[in-house]
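Pulled from Swiss-Prot, these are the features on record:
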- GLN86, GLY104, GLU105, GLY106, LYS107, THR108, ASP537: ATP binding site (BINDING)
- 872-955: region 'Disordered' (REGION)
- 885-894: compositional bias 'Basic and acidic residues' (COMPBIAS)
- CYS934, CYS936, CYS945, HIS946: Zn(2+) binding site (BINDING)
Amino acid sequence: MLSIARKIFGTENDRKIRRLRPMVEKINALEPDFEALSDDALKAKTVEFRERLDKGEKLDALMPEAFAAVREAAKRALGLRPYDVQLMGGMVLHEGSIAEMKTGEGKTLVATLPCYLNALPAKGVHVVTVNDYLATRDSEWMGRVFAQLGLTTGVVAHGMTDPERRAAYACDITYATNNELGFDYLRDNMKYSTEEMVQRGHGFAIVDEVDSILIDEARTPLIISGRTEDRTEFYKTINELIPLLGEDCYEIDEKARSILLTEEGNEEIERLLNERELLAEGDLYDVENIQAVHHVNQALKAHKIFVRDKDYIIKDNAVVLIDEFTGRMMPGRRLSDGLHQAIEAKEGTDIQPENQTLASVTFQNYFRLYDKLAGMTGTALTEADEFFDIYKLAVMEIPTNKPIARIDEEDEVYRTLEEKYAAIIDEIVDCQQRGQPVLVGTASIEKSEIIDRLMSDKALFKKMLGHLYPKDEAAKAEFEKSARPVERTLPEMLKLIPIEHQVLNARYHEQEAFIVAEAGVPGAVTIATNMAGRGTDIQLGGNADMRLDAWKAEQEAAGKTPTQTEIDRQADAIKSEIAEKKRHALDAGGLYVLATERHESRRIDNQLRGRTGRQGDPGRSKFFISVQDDLLRIFAPERLDTIMRTLGMKEGEAIQHPWMSKALETSQRKVEQRNFDIRKNVLKYDDVMNDQRKAVFEQRIDFMVSDDVADVIKDMRQSTAEDLVSAHIPPKAYADQWDISGLKEALQETFGLNLPVEAWADEEGIADEEILERVSEAADKAYAEKAANAGPELMRRIEKSILLQAIDINWREHLQNLDAMRSMIGLRSYAQRNPLNEFKTEAFNLFERMMDNLRGEVTKQLMLIRFERAPAPPKEPEGLTATHIDPRTGRNEMADPGDGPVAPRVAPTQRRVSTPAHPNKPETWGRVARNAPCPCGSGKKYKQCHGAIDGAPTA
C-alpha cells in the first residue's frame with residue numbers, strides 16, 4: 001500500500017526536489033543575460049550584489065542571479081556548465097542541509113554555487129575536504145571560477161606557517177581539511193595575543209564527504225598533547241601479570257569491545273599487585289590505586305580485545321594501528337590513556353611515553369561552532385536521523401544527471417567460511433577468463449590476506465577448500481543440484497592457481513596509486529580492504545596519465561630526455577591502447593565489485609558498491625556472505641541458524657532469500673544503532689566538557705583583547721583573601737576555634753605580607769568579616785605600591801601575561817583530571833548511579849576547584865613578583881603533538897608525510913583578483929594544477945597541453 005502511495009504522490013524527497021525546480025527555471029532564464037556580459041561586467045556583479053546586501057536585501061533574494069553568475073564564470077574559466085541537478089545541489093547546500101550526490105556527479109563544482117553566494121557578506125566561507133591533495137587541487141581549480149567573479153581563494157595545508165594560514169583564512173573562500181581547521185581552532189586558543197590567531201570566525205562551512213567526517217570520525221577527538229614522564233618498567237610489570245589471570249577472572253563483551261574483571265579477578269589482581277608492591281595501602285579501588293587499576297584494565301584490553309593484524313600490525317618495531325573503516329595503516333596515531341603502551345608491552349616493541357592532553361575538541365562540537373553548516377556525500381540517507389539529531393542537518397537526495405547502469409545483485413549466503421571462499425575464488429576465475437576487472441572488497445587485512453594466499457598457494461587452497469570441489473563428473477553432477485555449485489573440479493582449479501592479482505591494504509599502502517590505477521584493466525583482480533583511497537577513480541582500461549609518467553621515468557632512468565614530439569606520440573599510443581582495453585572491459589560488463597562480507601554499516605557497503613557504475617558506465621556488485629562472518633556471528637546467530645535449518649541448506653549451497661536479506665539488514669541496523677548510541681553518548685559527555693571549554697576559551701580571548709585586566713586581578717585577589725580567611729576562620733565558628741597561626745602563615749605565603757593577625761584576633765568583639773576587610777586593604781595597598789614601582793604599562797603587560805599562562809596551566813591539568821574521571825566514572829553504575837549525572841556533578845566540582853586554584857596562583861605570582869627586569873613574553877609549549885586520523889588517507893594527517901600519496905607543498909594563498917582566465921591568453925591563467933583541465937579548452941589535462949609546452953610550474 002505504501003509503495004503504491006509513493007508511486008502516486010512521490011516520496012518526501014521527490015516533493016522537495018519539485019519545489020526546487022521553479023528556482024532552477026529562474027536561473028536558466030537569466031543565462032542569456034549573463035552570457036552577454038563582458039568579463040569586467042561579470043566581475044562587477046559581485047560589487048553590485050554586495051551593495052544590495054548592504055542596503056538590506058537578503059541572500060535568498062540574490063540566489064538566482066548569484067547562481068547564474070557562477071554558472072557563467074564556470075563556463076568561461078573551466079569550460080564546464082553546471083547542470084540543473086547541480087544547481088539543485090547548490091540550493092540544498094545554501095539552505096544548510098546535506099546533499100547526497102552519487103559519485104561522479106560533480107560535487108566539487110556544485111560547492112562553488114553556495115560558496116560564492118555566502119562569501120558575499122565577506123565573513124569567509126570554509127570548504128572542508130578530506131585531505132591536503134583535494135584541498136589544494138580544488139582551491140586551484142575552482143579558484144579560477146571565483147577569480148572570474150573577483151573573489152579571492154586560499155588553501156590551508158599541512159606544514160604551512162601561521163602567517164601563511166592567516167592569509168589563507170583572510171580570503172573570501174578557504175579550502176582546508178577538517179583536521180587543519182580543528183587544530184587551528186585549538187592552537188588559536190593557546191595563543192597569547194589576537195594578532196597571533198589565524199582564524200577569523202566560523203560563518204559558513206561546506207563539508208565534503210560529510211558522512212565520514214561527522215559520523216565515522218565523531219568518536220575520535222582532535223588532541224594537542226605534550227609528553228609526560230617515562231613509565232616503561234611499570235607497563236612491562238603490569239603486562240607480565242595478565243597471562244597469570246585465568247578465564248574466570250574477566251568477562252569479555254565482544255559487541256561493546258570491553259572487558260571487566262570479575263570478583264575473582266579483582267581478588268587475584270590485588271594479590272599480584274601487592275606481591276610486586278605496586279599498590280598503596282588500602283583497598284584495590286582506593287583513590288591512591290586508581291592509576292594501577294586503570295593500567296591493569298588497559299593491559300587486559302590489549303591482550304584480550306585487540307588482535308594483531310586486525311586492529312594493528314607491527315612495522316619497524318612499532319605498533320601501527322589499522323583503521324576499522326578502510327583497513328589502512330595509521331602511522332602517527334596512538335591510542336590514549338595508556339592503551340597503546342599496553343599493546344607495545346604485549347608485543348615487546350619499544351614503549352613510547354604517554355602524552356598529556358593540552359587541548360582537545362571533537363568534530364561534533366567543532367563543526368557546531370559554525371553559524372551555518374552544509375555537507376556533500378554520496379552516502380548519507382542511511383544516517384539521516386543521526387545527522388538531524390546531532391547536527392540539525394536535513395539530508396536530501398539529488399537526482400543523477402544520467403541513469404545509473406550498475407546492477408546490484410542479491411547477496412549469496414553460505415553456512416561456512418570455507419564454502420564462501422570457494423565460491424569467491426570460483427567467481428574471480430570466471431571473471432578473469434572473461435576479461436572483466438574485479439575489485440574484491442574485504443573488511444580487514446586478515447581477510448584480504450586469506451584470499452591473497454588462497455589465490456597464490458596451491459597447497460593451502462587444496463588443504464582449506466579441496467573437500468568442497470567435486471572429484472569426478474558423477475560427483476559434479478550431484479553437486480550441481482545445489483543452489484549455486486562450484487563450477488570446476490579440484491584439478492581444474494589447481495591448474496589455474498596462482499591467479500594473477502594485486503593486494504591493496506595497509507601493508508602495501510605505498511603501492512596504492514598504481515594498484516588503483518590498474519584496477520580497471522580487463523581481467524585485473526584487485527583485493528582491497530574497505531576501499532582505501534575513497535575518492536580515487538578506478539578508470540576502465542587503465543590510467544593514461546600514470547602510464548605516461550611511468551614511461552617518462554623509465555626514459556630518464558635510461559639517461560634519455562624525450563622530446564615533446566616523442567612524448568605526444570607515446571601519449572597517443574597509450575590512449576589508443578587504453579581505449580581498446582576500455583571497450584573490452586565494457587563488453588565484459590564493466591568493473592565487478594565482489595564484496596567478501598557485509599560491513600557493520602549499510603553506508604560502508606554503499607560506498608563499496610559506488611566504486612563501479614560511475615557516470616553511467618555499466619557495472620556489477622555482489623556480496624558473498626557466510627554465517628560465520630563477524631557481523632552475523634555476533635549480532636544475528638540465533639535467527640540465521642533458524643533460517644538455515646528451515647531451508648534445509650546442504651554443504652556448498654548458497655541461499656538467496658528475502659528472509660536472509662531481512663536478517664542481514666536487521667544485523668546491520670543493530671550495529672548502526674549501537675554505534676549511533678555510542679556516538680551520542682560520547683557527545684553527551686563531551687558536551688559537559690564543551691561547555692567548560694567554551695567558557696574558558698571565550699574568557700581567555702576577552703582577556704587577550706582587553707588592554708587592562710586590573711579589575712579582574714583585583715577580584716581574584718579579593719576572592720583569594722576570602723578563601724584564605726574562611727579556611728582558617730570558618731563562618732559562625734567561636735574565636736577559640738580560629739586557626740590564627742595558620743592564617744598568618746598562609747597570608748605570608750600567598751601575599752608576602754607579615755600581618756598582625758594575632759593582635760587583630762585578640763581585639764574585643766572582632767569578627768571574621770572585619771579581619772577579611774583588613775587583609776584585603778593590606779593586600780590592595782601592597783599591590784598598589786608594587787604597581788606604582790613598575791609603572792602602569794609594564795604592570796598591565798605582566799598581569800595579562802601571568803593571567804593567560806595560569807589559565808593554560810590550570811586548563812591542562814583540568815583536562816587530565818577530566819580524562820581520568822571519564823575513564824572510571826562508569827563504575828558508578830554498580831552503585832545504581834547514573835554515570836552521566838555523576839560525571840556532570842564531578843566535572844562541575846573539578847571546574848570550581850580549577851577556578852579557585854587559578855585565582856590563588858595568579859594572586860600569589862603577582863603579589864610575590866620582583867621587577868628586576870621586564871619578563872619575556874609567554875611562549876607556546878614546545879614539543880606538541882597534534883593527532884587525528886583521516887579514514888581515507890589512513891594516517892595521522894598532522895604528522896609529517898609518511899607512506900602513500902601526499903599533497904604537494906602549496907603556496908600559502910592563491911589570491912585570484914586579477915584579470916579572469918581567457919582561453920587564448922595563458923598569461924591570465926595564473927597557477928594551474930597539472931591534473932586540472934587546460935584553460936585553453938582543448939579537453940586535455942594541463943600537463944599534457946600547455947603545461948608540457950611552456951614548462952609551467954607543476955602543482
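Cβ atoms are placed via backbone N, Cα and C, with glycine included.
All features noted in Swiss-Prot, drawn onto the structure.
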residue: GLN86; record: ATP binding site; DSSP class: helix
residue: GLY104; record: ATP binding site; DSSP class: coil
residue: CYS934; record: Zn(2+) binding site; DSSP class: coil
residue: CYS945; record: Zn(2+) binding site; DSSP class: coil
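Taking the Cβ of LYS107 (ATP binding site) as centre and 10 Å as the limit, one finds 22 other Cβ atoms among all the protein chains shown. Using a 10 Å Cα-Cα cut-off from CYS945 (Zn(2+) binding site), none of the binding-site residues among GLY104, GLU105, GLY106, THR108 qualify.
Non-local contacts of GLN86 (ATP binding site) by the CB criterion (under 8 A, 6+ apart in sequence, same chain) comprise GLU105, GLY106, LEU109, VAL110, LEU113, ASN401. Cα separation, LYS107 (ATP binding site) to CYS934 (Zn(2+) binding site), rounded: 20 Å.
Its Cβ placed at the centre, GLY104 (ATP binding site) has 18 other Cβ atoms within 10 Å. Within the set of binding-site residues (GLU105, GLY106, CYS934), the lowest number of other Cβ atoms found within 10 Å of a Cβ is recorded at GLY106. Counted within 10 Å of its Cβ, the other Cβ atoms near THR108 (ATP binding site) come to 16, all protein chains included. Counting every protein chain shown, the Cβ of CYS945 (Zn(2+) binding site) has 18 other Cβ atoms within 10 Å. It is 17 Å from the Cα atom of CYS934 (Zn(2+) binding site) to that of THR108 (ATP binding site).
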